[in-house]
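So the structure is just underneath, and the comments pick up after that.
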């Protein structure tokens, strides 16, 4: 079942890639088509996905392992969603505020249960990262379009 | 003999020396920490090197890579968990030695053998790289494309559990590299109307995502699965000292391992794990005490350790002379060269020869640095690692990944790319796809495409140009041969397994 799913996902990816390569306009005379390498690579990928699907028919699924994995998978998907929201919130609220909120959440997910530790991380994490990257290395911090804590602190 | 003035120049630069020693210590700690890899550390530190001089940046990351390979042996010996894939072979004899109270002895053998192997690899690199570069200068686009093709196929098919998934990973890397404007005709590819995508996918966010964030996801999964406790090792007073009489039988294994590793290092993609296992197998075959191997033989630590470290130097040869990275660390270093505006390839030895030899000199000094730190301080490093609270470490790495990805170009799109690459990296790990093949192919794809299309233009669109040129044909056959060799190996393993079941 797992190999079937892998083969199907690869097949879908390769079909999208073939369609994408097909959108590249034809080459001008005397030139090579810009879509030749993406097209060739995606066709080869489609072939490999076919091989995976053929191989899947001779395998037996392991239901017990799949059940054991699902708990961890859910936690990782939750962390991925947090990561997506975190990176998007840089655009809305700058760096400091999202980091202050995300730091204790991720620490909690990794098993930190000390409330003092979590509270300290709210201040320490954004402060330390800000000092290292935006002060010492001189990187220009992302500006929050809705509310920017750094601008508010700096007045 | 450009290496001697380069060595003198590096030795007289205290800041560079400090960076080398620091990198040796950082690499060792990272390599010895289970779950952390030198690739992840280098990817994470990559944005910081934007603010350094090219030599400083390259030397710092190169020595972390070297030292990280060695550091893996500490975790393998002490915790029965290889810090890196390359040190899995060291674990076979290293851990039984630690259980018998000889952890210090085993770590000293690992250190000396790593230094011997690594130095052998570097000397071969220094001696041979000029010749390879001179030959590479004479290669035309068809030959270069054939080398790229062989690299894709070898990387995709030789590493990992499945040939199909390995090759699929390499193709996915190529497809991701195609996103953006075509460098020749400026036509948009896979941009789907997005302005951000028209600039292409950045190497730095992709690396940070796959190696750093992907690893954090994987560690979260491991934490849920991890059960059981680590057994306390025995300890004895004479278990930490190593005498010449004890190391003497290890020396031939270390030297042989050095040659095996250096040879394998020249071939892109094979990597140090394969070198270590081949060296271990070859050492056991030739050993006077094969029955002791696997139960705590010091020679069983020396052979794989020398081999896996000897890969480091020669794997730089295809990178520097052809622009083909042989490992993930090589792929990241290629990124550093490009970030600092240095074109890697045969012309590098005409334009930046001094820099290249200074980098080699830094590598050699890095070997001595990690050798000294390891010989006298490996036990302390191990104690330090035991004190690192992983439940705090990984959340910190999680947050560093975001700010590091942003720092590279000050681009929020890069942070999005990094986040998605992290999830894809975890999925690839989980479903046994080949991350190394994915990343290396991503790096190689642009060069391969350029040489492929140049060849087609040379031949007026005829693909026979690749067959008509003997060197190109030889590399195409090498690629096909690699797949055939691997398929034969897998069939053999299956036959053996079926035989085993039949006997039962």
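Each residue, glycine too, has its Cβ placed from N, Cα and C.
Automatic prediction, not curation, is the source of TrEMBL annotations.
Database features (TrEMBL):
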type     : residues  : note
DOMAIN   : A:7-140   : domain 'DUF1468'
TRANSMEM : A:36-56   : transmembrane segment
TRANSMEM : A:68-86   : transmembrane segment
TRANSMEM : A:92-111  : transmembrane segment
TRANSMEM : A:118-140 : transmembrane segment
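Long-range Cβ contacts of the transmembrane segment (A:68-86) within its own chain (Cβ-Cβ under 8 Å, at least 6 residues beyond either end) map to 98-99, 102, 105-106, 109.
A Cβ distance under 8 Å defines the sequence-distant neighbours of the transmembrane segment (A:118-140), meaning residues of its chain 6+ beyond its ends; these are 95-97, 99-101, 103-104, 107-108, 112, 150. Helix, strand and coil content of the domain 'DUF1468' (A:7-140), in residues and according to DSSP, is 104 helix, 0 strand, 30 coil. The domain 'DUF1468' (A:7-140) scores a mean pLDDT of 88 in the predicted structure.
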